[in-house]
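Listed in TrEMBL:
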| type | residues | note |
| --- | --- | --- |
| TRANSMEM | 123-144 | transmembrane segment |
| TRANSMEM | 172-189 | transmembrane segment |
| TRANSMEM | 232-250 | transmembrane segment |
| TRANSMEM | 262-281 | transmembrane segment |
| TRANSMEM | 302-322 | transmembrane segment |
| TRANSMEM | 342-362 | transmembrane segment |
| TRANSMEM | 383-405 | transmembrane segment |
| TRANSMEM | 417-445 | transmembrane segment |
| TRANSMEM | 492-512 | transmembrane segment |
| TRANSMEM | 524-547 | transmembrane segment |
| REGION | 732-807 | region 'Disordered' |
| COMPBIAS | 750-759 | compositional bias 'Basic and acidic residues' |
| COMPBIAS | 777-790 | compositional bias 'Basic and acidic residues' |
Amino acid sequence: MIPGPETRVVELRVHGVQGTTPEALVDAVAAVEVAGDGIGRLVRPADRLCRPAPGPVLQTAGGATPRTVEGYIWGGMTSGGLAKATWALLFPFSLANVAHWMLPPVAPGSRAARVLGAALRTLLRLAALLLTVLFVTQVAVISLDLVATQCLAPGTGCLVDAVPEWSRRLPFTRVLIGLVPVALVVLVLHRVSTVEWSVAASARRVNHPVDRRSTMPGAHVVADPDTPTLRALHITAALAAVAVLTLGGPGGPDSAEAPARLVWAASAVLIGLCVVGVALHDDPPGQAPSRAGRWLRDGYGAVTRAVLLTGGWFALIGTAAARGPMPAVLVGTNATLQVVGVLLVVLAALVAVLIVPAAVLARPAWSGQARELRPWAGGVMAAPMLVVAGLLGGGFGAGVAYAVHPLIGMGELPSGYHYLVLLWGAAAALGLLAAVAVLASAGALRWLSSRRRPGGWAPELPLLHEGRPEDRDRAMSAWWWARFERRHTHHVLLLAAGVLTAGALVSLALRVNRVEPPAWLDPLHGVGVFAMAALAVALLRLVYLAARRPDAGRRLGILSDLASFWPREAHPVVPPCYALKVVPEVVARVVEHLAEPNTRVVLTGHSQGSLLVAVAAARLAEQLPRADLDRLGLVTAGSQLQWAYPRAFPAVVPHSSLTELAGELGGRWRALCRGTDPLGGAVTTWRRQVYDGTLIGVGYRPDGTEGALAPAQRGPTGALVLGGDHWLPDPQRGPFPGRRWRPGVSGHTDYTRDPEWDRAVAMAAGLEPLPSGAPPERVERSGQDERSGQDEPPAASGLPPAEPALT
């Protein structure tokens, strides 16, 4: 679309993790809100009277174009205050929920793939249910067993100042002291699971329902209608499990009294109903709302949920009444923990077994892609994620118990905890050895790379800093370490899962064979106690600091930002998904601006914000008429949309969906990249290499296809533009007149300060011509591809033979 004299550009920025200030987001000394509800805020630069001010004009080939800079602030959804800080304690729940979104895609037309997909989703939901039960029963271990049963037993003298001796002899004092903290924790879990971010009414009117058959990125990031049912099932199961633990454990009630037996039986029935309900609730958003899943959802409607929750609370109250005087030993504690732990291990093992054939069946979807685009670990990352979630959940609860035990000064912890301590001790020792090996290997590789010319492992580096050897040498170390982190981040998770699994196997073998740990393993026991207690204390301290100091809350929010992008699916007791609010409100703001015929909108996102704006652009591409879509552009900076999200979540953000989005935008998707950025990388190009002194590669074409691209062109600020990627020299080549100057290596920060930013925005707005030139002719290739170590067909890339750039 040809710009006219009245054309103006609206640049709508979305920040990344850790939040930001309004002033920093819009690059102004002052900012003012212009829309929003206080949680999702739209801000603009402000003048001295705190009125919205226009942004700097956009210099293009056709002259100066007026520009309005807006920013969408969403950081308040993940940090600030005690309530949000306590979400960190539920991080294992979030990992289990994330594992669901990491499952491999279901191969179309394959019955076996559908069956495996349904089985994996069921197993993950059941594992998530067990994590909730484990968390609540571990609270009961501390309050009900360690404190109420052992510490407050008559004649012990423990906590006598807080609980007088005479009150301990009353029938219900100790059982109430043990059960009230459990009830409070369950209430907190219920409260957390009901928090939702409401979308502004204006945004709800503008946004169209998401097409359930869409193949665009993030199409299925929608609210699950089964979440209220899963919430009720989790809460009911947790309450019933505590009742079973208190009355004797899974083996049956320890009392012959009729009330105790009745409450125990009712609680067991409630647990069974919850397990069946969780297992059968398999209707992923958008898959098949007309199947039997809809009937099941109707059967577990509001009335049924209320009955289940009432039954759970009555079971807990009935337990307090039926228990009577507390026994000398709470026999159900150890058995309950062991049953939950064994079931969790079995489910994790089943997931690990079934996910392999599921990934094999899904492999045709990515087998033709370059190695650097294929899913991590062949598409089985959900299994190690679940392992880490389970072992972190067990370790945190046991760590709190070991931290509280010395404060009480007496009592015995469940015998199962000794094996869990051994697990963490072995894992900590193996982890230390692995960390030393990894660091030594990384140091050796770094030293070897320093002996080689930079073009050997980063051909872009000499091109970006051509004629400036000082900048090249300064950037070399940062470039190497950033590349190392991007390539091996998922290996860290795999290593952690492997180490924890090895420790679990050692502990499980000893437990199954009923072998007491030998004396020579005593050091591992001490290491395990320290590791678990340190984990618990560190998390609790972070929560305390986050509640007291907002800056600490933002640092803690990194984990929450990443995990809370995903809606509640496998686990309902996780922080609310901010994407369900951010994306519709960003879409509504864009539609509002595009209502003015001379306005062009450029969505810009940094880091995690790049995923949000990509999903928003995909929604807009599906609902806007072509004339309006031609006035929309996209700029991503420091993005993980190639090296992380499509590889970790191949069913939700597959590479093919990004190809489709790039085709809809027709070349108006620009990505700013730095080789020194450990968190962001290339987005629209891959298999980059230097040939005959120029940077070439494969990537998205404006017509929606993939293939060889025209050689990179150097921009006026020194950036190399290959396809949609703008490779920025870091340090900058400036200073440049009229631009802020930042010396040194910027890495993942300050993309908007780079002089190439305005040029990318102008290209995304269609006001600056795209780099021209024809792609290189296809040249037959032979031998092995140096990047993947595998034979490639001659037409796989259409690029001449050259040393590949491993960026």
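Backbone N, Cα and C atoms are what each Cβ position is placed from, and that goes for glycine too.
TrEMBL: automatically predicted annotations, no manual curation.
Beyond its flanks by at least six residues, the transmembrane segment (342-362) meets 103-107, 110, 112-113, 116-117, 119-120, 123-124, 126-127, 130-131, 134, 375, 378-380, 382-383, 386-387, 390, 394, 504, 508, 650 of its own chain at Cβ-Cβ distances under 8 Å. Here the listed stretches are 123-144, 172-189, 232-250, 262-281, 492-512, and the one with the most C-beta pairs under 8 angstroms to the transmembrane segment (417-445) is 492-512. Same-chain neighbours of the transmembrane segment (262-281): 122, 125-126, 129, 226, 229-230, 233-234, 236-237, 239-241, 243-244, 247-248, 252-253, 293, 296-297, 300, 308, 311-312, 315, 318-319, 322, counting only residues six or more beyond its ends whose CB sits under 8 Å from a CB of the stretch. Tertiary proximity for the transmembrane segment (232-250) is limited to same-chain residues at least six positions away from its ends with a CB under 8 Å from its CB atoms, namely 128-129, 132-133, 135-137, 140, 144, 175, 178-179, 182, 186, 189-190, 193, 260, 263-264, 267-268, 270-271, 273-275, 277-278, 300, 305, 308-309, 311-313, 315-316, 318-319, 322-323, 330-336, 339-340, 571-573.
Under DSSP, residues within the compositional bias 'Basic and acidic residues' (750-759) fall into helix, strand and coil as 4 helix, 0 strand, 6 coil. Here the transmembrane segment (302-322) has Cβ contacts under 8 Å with residues 172, 175-176, 179, 182-183, 228-229, 232-233, 235-240, 242-243, 246-247, 255, 257, 259-260, 262-263, 266-267, 270, 273-274 of the same chain, all six or more residues outside its ends. Beyond the transmembrane segment (492-512), the same-chain residues lying 6 or more positions past its ends with a Cβ under 8 Å from any Cβ of the stretch are 345, 377, 381, 383-385, 387-388, 391, 416, 419-420, 422-427, 430-431, 434, 438.
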